[in-house]
Each structure stands twice: as structure tokens, then as C-alpha cells.
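Written below as C-alpha cells is the structure these notes are about.
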């Protein structure tokens, strides 16, 4: 057959051929001598050839006289032969249909069963039955013969109906017997040939008896197993008088048999279930009852299901060398087994034919001979079934037609592409195995000579075992990839590889075969056999094992692992021999043990765990919370709780109670109770106080006992069937802050009173309630308000309830009344009774946070002695909850110590805790609340709802949105966005974009058009990184928008000098490791116009500086010359020419408000470097002269921009009226910075990108790199540009600054300790504002602002206040080991900012002296005054920064 033409070559594609069975053979039961037909019929356009198999062997029907093939394909067997030693016809038959050009298919297997010789295993016997009862006559035969059994009554055939019923076994049931049922019965087997008769037996019908007869089962139901669709019969024959009535239940529910289609009663009580289904499985109960009694009998019904297909194999197209999978899903009961057949022959699993996922067939490395029909044959105990599919292998140049989803593995037709005419690629070059392991090999190669770039080439790697002609294929995952990993190989096996390149025209030449052998697999030891563990004592276990049977090399040692059951942590110990005894274990505790053997290659296979429990011992602790309650005059009830968990040391078998009279401590009585937690001690004396203690027992003995606890029996047996009566009297005596309450008991002394309840409150007695002992007769209510009206109520109570209250009121005395002495209390007779007041709540509750899920609660108990030792049976209850969500319920736990470890809490969650104490039946109120917040934990869930959208109008810009993790476990401090074009790439190969934690959206720019990108997001808190989100795919649009040119220019001009670098607010730094910025910088001016402006400003500035410098130099006084000459004589001979050609323009101190230019002292350096400090007005003023450092800026510039928060900065606004503004040569900055000094060890550290939400991240200390390294107007030669970026950060070396700090008259500090670099923040502030900055005033006019001044010895300069410059001077490229910089803002600061002393310019009255001749020097007294003035200015600025 031919089908549609291939879209690749136009050749005709063969279609699948319908080929299947119309009728398949079924199981047959036959008898000797009968004829049998096994039906079989198949369909195919080409008439198939039919053959038959018996027991897996083809039958030769040509020479067989008894078997013949009918025209429709059925098999006829004439005169079935069957004897004891010759059974040629019985067996399993299978029909095989073959079409020569296609293949073969086989039918299901059918069983032919031949009934055996007729014989009876039991025969009818004489029996009698009462009229109306049911009778049964046995005739047991083989199961095969049961269908051939019939019955005769008085030698006449017996007709069967619902009352007279034949069981499947052949027995006869007669229900509701009548007189006509009496007679002689026999059963007959008619299985062909002469019938075989059983013996005759008489059935007698008896009249009803005069007395009732007991019910008895004549035949009970027995459990059955049936196949779906069969009938099931549960016989149930009961006899007795009166005649019993039989009914049935299924799984305890009444079974309705009337009007049911499938359930019916036969012969008076037997249950018939027709067409059994799986829903019929269960327990069936036959219930027979009459007026006198009821009897029951049960039986189970199990149902088996033949195999059924849930998923049938599908037809598959494939190419040679591909891997395919035929899927087959079956069900049945018992679970079916599956085998596969190809063209009628069973498929034997091998390296290339594998059974995967239980039932599926995987064929690896297809070859042409694999074509044909594949059948999945499922079989269980009750049947079999088959389903098939066709495999067609196409030529490599023929594309696989589009079909419903077929089961192809990863090696599909991805290597095929629509073929066009053109040159094909040559063979790939230099195919080598770069990594060879035991089960995988990595291959790499070079592109073909015909296509050296190879960007559009894909590759197919064909490989096979050496000596086997079945090749498999693996394709590269993306175009241009020149390596592949071949996995699932066999160890120590030689494989042959070849690589074929493919372009849009088709497959090219194959590379030369490459033979590679996989590594042999390391032979590790197997599991140690016969591992055994037995407990030697309550705290030790001995483990033994034998030497592993497998392994390569000598066993070096063993490692024994053991773990307490229910715990997560496993412990281990190294063992040299074959046994070990572990000590120090817990008593009567289950432990699991396993052993791992080690050889020179490492650990082997672990043994299975063996579990053993340590031996029991006497309990190690006493029972808890023993309470006593007098029941009457002769008995006391004891209640207690078991010893604490972990102290039982075995199974508690009982409790030993010891008690004695308090007056006779030597006379002790013992009572042994069971495992219950209470005991009533009877036979006690009236009105006598007894001591009790209790101890727990195990089979090993008795553990420690509790402390003695006392209780007193009643004087007389009182009534506790009703509540007590009202107390006979109530008296109150108010004091200033307390009221003394006294009372007398109820007049009726015959009712039990177990205590009194006192209620009180201002205006109402229900505010507070106190319960006291029944012996108490007075109580002082404390902590009341003076001059307040209190209502007091008193009620007696017992176990039935509270009695009638008695009310009284009192007004506490005012504060002025100091008479607090109550004569009534003093003179009242003392009664030694237990403390009647309620227990005081614990105090000093504290919550100590230990981890992210654990908090330790501690408290104190004021009712204990000062040493806080617990000597009684009190216990504490700890409760805790969190208020999020609001309706959270309290959780509680009990403790017998003064601390408790609360575990299982949520990270970063605020909990509240309170404690109460309980002693016997008395409990305190809850203590005051303590709070604690658990520590943070790394996020345990990824950010959610990650979405990616394209920015409108900018197809190369995308916007990533997300939501915080549902389990953040702390404050999210940042996110990291990973993106890549290869979802399978290693994570370290993905591009990252850090984002601050308060942002849930981020833009990524300069992406490639029409390219799929994959995005993942990872959240971070103070504890670390959380898990990554699932990859989200987004394909960028195909079309380019109108802003393409600015984007392209921005990314393409880096390093070419075509336009100045734009450092405006829109500047976005590049990705880490990328040379092109993912941003869209734009310039408000045309690049040519901007260049002209920059050059003009630079020239004008140089001219002005030169003129001012010459003017200042000529006014230097001769006295200054003498001073400098004296300094030179000490430091060495430094000649300094005063020629005009050597004069450099001095740095100028610019008073922004006074608009004055003040020269600073001249530097002694031989080659001083000039630095201008103009006043920037807006962000446009700081455009650099040249953008040759463009690429460096891209690499170094920090993208962290934004407005600083007010609370993170000190303010200088309050001092602006007193101090002149000090400007920096950079872009506009926030008006109120904090200036702090930080040592920066390296300026080339890789920096991360941060979002522009705020100036500084509280969790990072990344360097803020300088934006514009050049002041406006500074002229630079081409030779200076090479190190332009670095020179701004570098400190002058010793070559350019020969006057080092070791010189006594030097005017500058050591470069390593004093030099600084200004690191600019980003620019997003208002352009009209300027940054107030600080300058250090040097002592020489030509010295740069970068070099701080050091006062001469003996000056008033304070050395404890460091002077930090804000701008370094330019210097040639020299290595700098350490640079100290002054940074703006709170950049990663973890401590208060260091005080910075910044001297200001001198006052106006000093102008004349400063403008004298440059060769002059200060007088000593003038220097002293100047230094004192500088010191005052530095202290002022220090006060400002610390404020």
C-alpha cells in the first residue's frame, strides 16, 4: 500500500495495513470421542495464511487424519482421544495468521480440556427430613464432569426448578420438602458413551415433631473464587423445628434477594449470584432463625478478572538507528504478566529489546529487519489477551508523517529537515572522546571543512557495540553544538562512534569510525550476609555479620550504623572485625542497625536494617502528679500519671502503693495495683491522716517511689449526693488594701464539704474567685483598692457542685487610715491546714530563642523554696500561639521542671508564651505573657507567579514580574533573576540580574529578537538563598520597534570614541561578564555638538587656571622661600626652579557662596599634577572629555541608583548659613549625605547589579564605582587616557611624591594611609541640586586636593581625628595596594560612620597673606594660628557628621 508523499523528497510513504483477528479461539471442555472446533478468523486485504500451534509448536495438519483446517481458518478435531497415559488433544491452542509481505500475528491462547473417566467421589445416602425443611443429596464428581451430571427420582429424570436445585458440585438440594419429594434418588454421569449411575438412596419425608428441634446446619456455605461473568452459589441448608427461615447479609448489611436480577435464593436458602463482578467481593453470612434460636455461617467470595487492555500499542513510523517504545497498559486480577511477540515469535529481552515501565517494549537502534507486527500478550491465571501494532521503517530521506502521538524516545527525527538542493556538509573533523566513564562517553569534534563556522549545522551521532550491526543515534540539542554526551552504556565495552553533519539540504558525509572502550566498573563490596543483633543488657546491643560474598579486593574495615527508632539522626562506628557491642543505649528502646563494608574503592552496599530492642530494667523515675482524695470515712482515692516518657525502662506491669498512718511511720502497708492510673484504698480508720507513696513496676522490679503525700479520712460517712447547704455565717472586716473574711460551716454537718469558694469584686462578686480547703475558716483577700465598695460571696462546694451563696459587702478603708493590724486575725486560733489559697502563677517567664524552630521557656515559682527545688507532685503547663492568623489556637505541653523546650515552630514568627502551675486539683492562673520571635531560615519555597512580558514599544526589553515566596521564612532582602537561552545549561552559565528585596518587577534590556529565553528567580534573606522557581519560557518578538537605533548605538559605541558616555539617569550597567550594556543610554545633545562644548570648556578652563597660577606664584613672599629652603636642607637637595614655564596652575579653594578664589600652598613635588574643581550645576555639566574609558565604565560602574532615605543620612542643612558650600566635580547628588571613611582593598572586585530602589543595600557592602572620573574642563592627552579610569582611584606613588611621610617637614601623609578616592553614587536626584562636599586644605598652593595636609610638629592639630580626602590626584599607572575612600551614604555600613575632619578655606582676613609671592613661607606664629583655625574647623565638621 502507498500513502501520501513525503514533504521532504516527494516519495510515497507506505501506510499501515489493517491486519487483525475477527474471531479468536475460546476455552473448551470436551469428552472423549467428541468432535471439537477451535474457531479462528482474521482480516487483511491480502488473504492471510492460517496455521495452528499446540503448546507453542506448529501443527502439521497435512498428514493429520483427525485434525483438519477449515476454509475459514478454524481447527476441527475429530474424535477426541484421551486416556490415562495418552492425551494428545488436551492442551493450549493458538491461531497464527501470516501475510508474506507484512508479517504474522498470533491469537489469544485457548485451552482444550477433556473430561476424565466418570467416577463418583461421594454418592447419595439414605436420609430423612421433616416436612417443610430442606434436604441435600450428595453426588460429588470431578469438576470437569459436573456439567454432565443429572438426577433421577424413582428411575425417572428429575426436573429442576427454584425449589429443586443442583449445586455446581453435582449435589442435589430440595427446599421446603413435601410428601411428593419422598422416593429413591440416583445421579447419572453422561459424558459420552455408556452413562454411569450412582447407587440409589431413599429420601424419607417425616411429619412435624411434637417438640421443637434445635437448629443445625446440614450444609454450610464455603468460600468461593470465581471469574467475572461466572455464577456463584453459596449452599445453606438448615434443619430444625419450627422450620427455620434463611436470610443473607453481605459485609454486615442485609442482602435483598426479592426482585433482584442477580441475587436469588434457591432450594429454600442457598444464594445464587449471577454474572459475578468485582463489586460482589465480600463476606456473605447465612442466618437461619426460627421462633427459638438463630444460627449463622459465613463464607468469602473472591473474584478474579481476566486481563484487559487499558492502553493498546500504537502503529509507529521510524527511521533506522532510532529508538522506539511500544506502550502497553493492562489490568486484571491476579496482576497479569506481559510478553511481547514479533511476527509470531516471542521477543527475548536483550541489550536492544528491553521491557521498560513494567509492560512497555523499547527497541534501541532500529534496523530494517525490525519491521513487522508487534503484539503485547497479557496473561494471568484466568485468561489471556493480545493487542498488536505495526512498525514501518522509512528511508532516512523520508520524513515521518504526522500521526496521532507515537511513542518515540529522545532520538527522534529531529535530525531531519526539509531538503532543498544544494551542497551537503563534509565529514566532521577530529572526533575524539574527551571524557570516558563506566557508563557514559563525551564526544567532541570540529566543524566540517565545508562550513568552518557551523552555526547552522546539526549533528547525528551513530554508535553501536563493536561487532554488532545495530546502530543507535543521538542528536545534538541545538545548531552549532559540537559535543554530545552518550549515556546508558555498558562498562568495559568497546563502542564504535561516527558523526554526521546535516544542513538544510540534508545529511552530509560521515566521519571515520571511532572506537572507544568504556572504563571497567569499580567492584565494591556487597552487603554483609547474616547480620544479626541481640540485646546483651538494658543499655547494650551486640551486632554480628559475615564477610561479604562479593567484592574486589580485601575488605579494609566495616562501618556499623545505628539509629534510635523514630529519630532522624544516624550514628556510626568503625569496626575492624565481624562483630561489635554498642553500649550506652537507652533502656527498653528499639534501635535499627546496618553494616557497610569498605575496600580500597570505597563503601559497598549496605545491609538491610535489623531492629532490636534493648532489655528492660526497673523504671528510672517515679510516677508523676500523685493526688489524694478522701472518699468517705474509710477510703481514699489515689490518682497519678506514669513516669516521664523515656524513664519507663520497660513495659509498666503495675504500680506498688505504700501507705501508713502519720502517727505510726514504721507501720507500712503495701498494695500492688494493675496498670490503671488510679486506686481506691479502703479499710482505713475514721478521721485519720495517712501518708501515701507510689512506685512503678516492670518485670525487672520496682522503680523509685514518689515523695510521701498525706490525706485524712472523714470523721463520719457524709452525704455527697447533693450540694452543700449555705454556710451558717459570713463576717467581713475591711482594711486599707485587704478584707478579712471569716465564716462558719453549714448547719447540716451530714453533707460533704470539700471546700469553699470566695467571690469578690467592686460592685459585683464575680470579678475574682478563690477556692480554699474545707477546714479553712477565714481568709484574707489581698491587693484591694482603698476606699472601694466590694461585694463578697461565699459558697460551700463538693464533687456534686457549689451550694447556695452567702453575700456580704464591705468598703475598704482610705489611705489615711494606717491601722492595718487586725486583732481578729491576731487572736484567731491557729489551725494548721493546707494552704487554702489558689496557687500563684509562675513569674519571670522568659523566652530564649535557640533556632529557627526552637524556643526555650524558663520561669520561676514563688511558691517554691528559694533554691527553686520541686519536692512535691506539682507540674507546669506551657501554652503558646502566634497571632498570625488571628484565630490560631493555643498549643500546650506539660513539664515537671522550671523550663521547657518548645520545638516545631515556624521560622521568623512571633510567638507568645504563658505558664500555669497545677498541684493536685489546684491550678494557678496563667502567668504574664512572654514573647519571642524565632530566627530566620533560608526561604523554603521559590518566588511564585513568575511572569515575563515584553515592554510595549521596545521588543528587546522584557519585564519580569513575580510574587514573594509563600514560605519566605524572613524578610526578603533580594532576588536573583537567572536567564538563559538553554534551559539545560549549568546554572553557573546562566546570566544573573540581582534585584533588591522590595521590588517585584525588573526590566532586562538588549535581548536578542525572536529568541526563546528561560527565566528562573531565587529569593534571598539574611540566612541565604532559597530554591529556584521553575523555568519560565518567553520568546522575544520578531519585529524591531522604532527605538532600535538608539539601542544599537548605545551598545555599539563602547570603546570606539564615537560619542561621550552618557551617565544620566537612564544609564543601566551591563550584565556580569558582558561587555555590552543591557541598557538604553540616551544623550540629550548631539554627539558632535557635545564634543565641541567639552573641548571649548576645557580650553577656557586651562587658560584661566594658567593665568591665576602665574598671578599667585609671583606674589609669593621671600619669607616663604626661606622656609622652603630650610625644609629642603633637612630632607635633601631638591632644587625647585621658579621659572615661569614650570609653573602649574594651583588648585583653587572655591567658596561657592562668596565666589572667591583662594590659592593653596605650593607642593614640594617635582612634578605636581593640577586638578580643577569646578562647580557642577546639573547632570549635563559632568560629561567627560573623552569616552575612551567607556568600556571600563561599563565594567566598573555600579547600577545601584535611587533616592536616599532621610533616616539613613545626617543633615547639614542646619549649618549651611554658617559654612560655605563645598562642591565636588561630579553629577548632582542628594543634598544631605553622610560622609564616612572605609578602607577599600580592591577596586576591581566583580560587582553585582542592584535595583534602583535605594542608595545602599543593608545587606551588601559592594563598592560604588565612580561614574565620571574626570572633572569638567580637565585636559587629557591620548597618553593619559590609557589609565584614565584607574588613575582617578590610584594614590600617587613614591615616584611622583618623593616627599614621603618620613620627612620631618613633609606636608602630606603616607599615601597608603591618607590618600583617598571619591566614589560617586548614581545620579537620579534633581539636577538643580548640588552635593555639599568636604575638602581638605593642603598647606601648599600647588598640591592637589587629594593630598591631605599634616600640620607641622608642635601645632595644635588633633591626631585622633582622621582627615579624609574626597578626591585623589591623577597619577601615572602604578600599582596601588590599598586605597581608602570616602563614600557617600550608608553603603553597607555595619557601624556608625567614622568621624571625618575636613578643614574649610581660611576666612577673608587671611586673603592678603595667601596671595603673597609663591616663594614665601608662613611665619611660625602665623602657622600656629592657621593650624589652630584648621583644628577648630575640623572639630566643627566632626560635630556635624556625628550629629
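Including glycine, each Cβ sits where the backbone N, Cα and C put it.
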N-linked glycosylation site according to Swiss-Prot, picked from 894, 1131: 894
N-linked glycosylation site per Swiss-Prot (candidates: 456, 1283): 456
Per-state residue totals over the domain 'Fibronectin type-III 2' (527-617) - DSSP helix, strand, coil: 0 helix, 44 strand, 47 coil
Composition by DSSP (helix, strand, coil) of residues within the domain 'Ig-like C2-type 1' (18-113): 0 helix, 46 strand, 50 coil
Helix, strand and coil counts within the domain 'Fibronectin type-III 5' (841-937) (DSSP): 0 helix, 46 strand, 51 coil
